Amino acid sequence: MAHTLQILILGLALGGVFALMGAGLSLVFGVMRIVNLAHPVMIIGGAYVAYWGFRLWGVDPLVTLPIAAVILAAVGVILYKVVFEKEAKAATYSEMTVLLTFAVAMIIEGALGTAFSNTQRVTSPDYATDAIFIGDIFIPTGQLYAGIVSLVIISGLALFLKYSRFGYAIRATTQNRDAASLLGVNVNLVSMVSFAIGVGLAGAAGALVSFVFSFFPAKHWEWIAILMSLVVLGGMGSILGTVVAAFLLSVIAAFVGAYVGATWSTMTFFLALFLILIVRPQGLFGDKPELA
Amino acid sequence: MASMDQSAVLEARRLYNARLALKADKTRAVWFPIAVLAVLLALPLLQLTSSNYNYVLHLVLYTASYVVMASGWNILGGFAGYISLGHNVFFAIGGYFAGMIYARYGVSTIILAPLAGLVAAVVGYVIGRITLKVRGPSFIISSLALVMIFRILFDNWDFVGGAAGVSLPAIDLPVKWAKVPYYYAFVVMAAVTVYATYRIKHSKFGLGLRAISKDEIKAESAGIDTRFYKTLAFAMSAFFVGMAGAVWGEYLTYIRPNIFLIILVSVNMVLMCILGGKGTIAGPVIGAILIVAFNEACVIFFGGSEINILATGLVMALALMFFPLGIIGSLARSGRLPRILNWD
């Protein structure tokens, strides 16, 4: 019993981090219909900001988090202006953007690899290796903090989308781009800001990832499929769906890892992605097959 | 009486088609690809001279292997419009199938290549049955998931050596001639593949695939069995990629997941087709030549493989943004395609 509870807690702790990693991806798809394959490599970019902040000046990754988010958001604005603004008008848009973001992912990976080499890195603030014991169950503090921070950020995002005026505009654009534009929403500005928020969330997630996982530039290939599985299972564009999917799949993966073998735990995400795309492409919370 | 009318109509149509074909032939230079092939087949004679041309042979062989793969990818990605980023899976299946038989029983992979291609095609057919239900971005993502799944499988499959792979015996020939059998294997495979894609494009099947890429629902309502057509296209493209993989393993003398199942291999296939021109016959060939030359230049001038990834991504982004039709496609649209490159 204690053993099962322990696995459940580890799964949930990991799910919190994955939820934030996937949230930005989901937002960007919802508003712009862009499957941003460069999202995971941007998370790694955020992780490097936190890593160097900690390594050079001893700044806690949780403090660097907003800085990483702002830096990445700026990258997002530039990318949007240079690459996606023009593409948004093309006919074969969604397929083209997948390949384009793929190319962007390679560019960033190559740049990060050239600058920082492909050695494994991890930031190690004191709490990263610590754990809280409740009876015979332990909770790794690093993952606990990361999970809490990520839920706080996601709640903030949800409140922003739900109650702010700009949030209305974002949600309206998600539901129907043309109708929103007719009602006076500056769709282009909304797209740019949502893209920047999405990429900024990647930066924030990166700061958390930097002390939860070890990372190197080429690692993002593995995360692409993991994050896509969350976003697709949750229903593309539904942030709540992504969060639920993140917890669900992480817990399943934790049990698979414990009972079947550690190598097969990541396989859970890949198989899930594969099966969901085939069986229910609209995901759990999507109402129509957006991606199909 | 009625049947006579009908045959007269058919006769007129046949004449008209023949005239069209003749006109198309005039814009084409059939001698050019044949001449290129003749030169390439004669190229190993250079080894009879005193100096060593192994590097030249390697470059041609490497390009030819990518011509096979990119042209194979083109059947699904170019003709049918289903972009797969997971075709290195079939490269791995071909490589492992032929490589394991070669390691155990010593049968040359060059002989095994068509069989390895068939195995890849069967796997491709089964996978295509499942994944071709979805299209657009979903299909691309499912193909990425496929690579991840196969990577874990091959990394943990002890029979094929897991992540460490299996080393294969090297060919028993003097250094100067060691590359020649593989050279001929790849050049012949490339020629066969290019000719096969030409025949496919000009068949009823190819017409069906092009209809699917334009508008699948209309194609279906026009009576095309779209499900069967695209699955068959998937299997055919897997066949050629698998064939290239089979010989590639023996050429490198080892098979290992991080040779076959790295994302750069499938990116190269996609990039070559996009750069040269998706859905054209000469496109993948031109793309393969350009990308291989570009990669070599990167290695010579910058060394590191990280720069190579960056540069590949940059070329891909620029090609997608400014030449979505590719070199051949853009030239053909503006009517400036030279006759020697009009292989369609």
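Cβ coordinates come from backbone N, Cα and C, glycine included.
Annotated features in TrEMBL:
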TRANSMEM  A:6-30  transmembrane segment
TRANSMEM  A:37-57  transmembrane segment
TRANSMEM  A:63-84  transmembrane segment
TRANSMEM  A:96-117  transmembrane segment
TRANSMEM  A:137-161  transmembrane segment
TRANSMEM  A:182-211  transmembrane segment
TRANSMEM  A:223-249  transmembrane segment
TRANSMEM  A:256-279  transmembrane segment
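The transmembrane segment (A:37-57) shares more Cβ pairs under 8 Å with A:182-211 than with any other stretch in the list A:96-117, A:137-161, A:182-211, A:223-249, A:256-279. Tertiary neighbourhood of the transmembrane segment (A:137-161): same-chain residues 2, 5-6, 9-10, 12-17, 19-20, 23, 27, 62, 65, 125, 127-131, 167, 170-171, 197, 201, 204-205, 208-209, 211-212, 239-240, 243, selected by CB-CB distance under 8 Å and a gap of 6+ residues from either end. Residues 17, 20-21, 23-25, 27-28, 30-32, 34, 36, 39-40, 42-51, 54, 61-62, 64-66, 68-77, 79-81, 84-85, 88, 121-125, 128, 142, 146, 149-150, 153, 157, 166, 169-170, 172-173 of the same chain, all 6+ positions outside the transmembrane segment (A:182-211), place their C-beta atoms under 8 angstroms from a C-beta of that stretch.
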